[in-house]
Amino acid sequence: LTGVLDDCLCDIESIDDFNTFKIFPKIQKLQERDYFRYYKVNLKRPCPFWADDGHCSIKDCHVEPCPESKIPVGIKAGSSNKYSKAANSSKELEDCEQANKLGAVNSTLSNQSKEAFIDWARYDDSQDHFCELDDERSPDAQYVDLLLNPERYTGYKGPSAWRVWNSIYEENCFKPRSVYRPLNPLAPSRGGSYLLASVCLFSWTGLCLEKRVFYKLISGLHASINLHLCANYLLEETWGKPRWGPNVKEFTRRFDPMETKGEGPRRLKNLYFLYLIELRALSKVAPYFERSVVDLYTGNGHEDAESKALLLDIFRDTKSFHMHFDEKSMFAGDKKGAKSLKEEFRLHFKNISRIMDCVGCDKCRLWGKLQTQGLGTALKILFSEKEIQSLPENSPSKGFQLTRQEIVALVNAFGR
């Protein structure tokens with residue numbers, strides 16, 4: 001791949017150099033730190049859109065949850081918005097005060113009213129989210145060590161996997177008028193592989209910048225996941241000792257222009273576009289983390305300080321990149337139309353995050369949910385610039401918050 005990306009002032013060679021020599025070595029180190037390696041996820045949420053196909057029984061689909069004893073004490077102690085030492089040490093006092101306040105109010109409320117208030121609060125909190133977040137208090141939510149459950153090819157494919165991506169593209173994604181995509185594997189075969197389809201002409205006619213961006217982000221996410229499967233493929237399994245590595249033949253099948261009717265390179269360009277969007281979000285969210293109130297708290301003071309220093313170093317690098325995507329060009333039309341389009345954009349993406357609960361392979365579901373949440377967090381940041389700029393230095397903000405799960409997802413999705 002070479003040349004300039006559409007809708008950007010950036011070329012592929014510049015991104016490659018910047019990532020290889022500045023970003024990637026640091027982000028890899030950051031992902032290995034305790035704060036970023038443990039991700040709490042609910043892999044048992046039912047699919048909200050169709051009857052469950054049944055879970056993948058291939059052993060490589062399995063995710064091994066992390067025993068409670070292995071989770072750093074600071075991560076276990078904090079609730080979703082508590083990530084600083086001060087917040088955790090004052091938690092008991094807060095809980096006590098909260099109990100007194102609720103005690104004073106709840107005596108005059110029916111149980112039905114209390115539930116309604118909780119639902120309203122949850123609804124208000126969700127209005128700036130681009131993702132359906134897992135309830136971390138659910139008994140089905142478990143910590144997973146991402147380093148021990150790497151994203152790789154598990155053998156999960158066929159109608160179940162196709163249905164997930166088809167639902168994302170056909171029902172939840174603004175897309176070009178025609179674009180080559182694999183056909184339905186459930187449809188009767190006409191003598192050829194279901195991965196082959198007739199040549200389509202690619203046209204952005206009538207698709208505004210915002211909808212082009214949305215389609216490219218989803219296509220980039222899809223390309224990213226496919227690349228990881230090709231790069232970490234089960235090449236052979238002899239005497240119970242699996243050998244994982246790059247599968248060039250599989251990569252060619254998914255991305256070569258001849259194999260994909262010219263569509264493969266465009267998919268890879270969309271991956272670069274996704275990288276630029278998440279890079280932009282990291283540069284924008286820096287002021288949030290530069291405040292002393294944010295500690296990336298795990299309970300290990302020395303490691304926490306090193307993790308924050310490394311994160312701030314990465315932020316400095318992201319700001320030094322001069323060819324960012326300019327999100328100010330989005331939703332810049334008349335106020336009413338722009339607001340409506342932004343809300344449509346948010347709801348489409350939120351729906352896609354819910355579709356990840358329909359993935360039948362646990363390992364694929366884990367990494368699908370994490371990367372979708374990471375991208376959703378990036379979008380939330382890009383549309384909250386004013387709130388981030390007006391954050392108080394020494395107290396948690398009311399206007400903009402990131403949960404620990406969102407922080408972990410953002411860093412790991414960008415790392416992927």
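Keep in mind that glycine also has a Cβ here, set from the backbone N, Cα and C atoms.
Nobody curates TrEMBL annotations by hand; they come from automatic prediction.
Copied from TrEMBL, the annotated features are:
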{"type": "ACT_SITE", "residues": "Cys361", "note": "active site, nucleophile"}
{"type": "ACT_SITE", "residues": "Cys364", "note": "active site"}
{"type": "BINDING", "residues": "Arg152, Thr154, Trp165, Ser219, His222, Arg254", "note": "FAD binding site"}
{"type": "DISULFID", "residues": "Cys56-Cys61", "note": "disulfide bond"}
{"type": "DISULFID", "residues": "Cys96-Cys131", "note": "disulfide bond"}
{"type": "DISULFID", "residues": "Cys361-Cys364", "note": "disulfide bond"}
Binding-site residues listed as Thr154, Ser219, least Cβ neighbours within 10 Å:
Thr154
So among Cys131, Trp165, Ser219, all listed as recorded positions, which is physically nearest to Cys364 (active site)? Use the C-alpha atoms.
Trp165
Do any of Arg152, Trp165, Ser219, His222, Arg254 (binding-site residues) have a CA within 10 A of Cys361 (active site, nucleophile), and if so which?
none
Could you round the CA separation between Arg152 (FAD binding site) and Cys61 (disulfide bond) to a whole angstrom and send it over?
9
Cβ-Cβ distance under 8 Å, sequence separation of 6 or more, same chain as His222 (FAD binding site); the residues meeting this, in order, are Trp165, Ile168, Arg267
Close in space but at least six residues away in sequence, with Cβ under 8 Å from that of Cys131 (disulfide bond), the same-chain residues are Phe349, Lys350, Ser353, Thr372, Gln373, Gly376, Thr377
Just report the maximum Cα pair distance in Å for the recorded FAD binders Arg152, Thr154, Trp165, Ser219, His222, Arg254, no decimals.
21
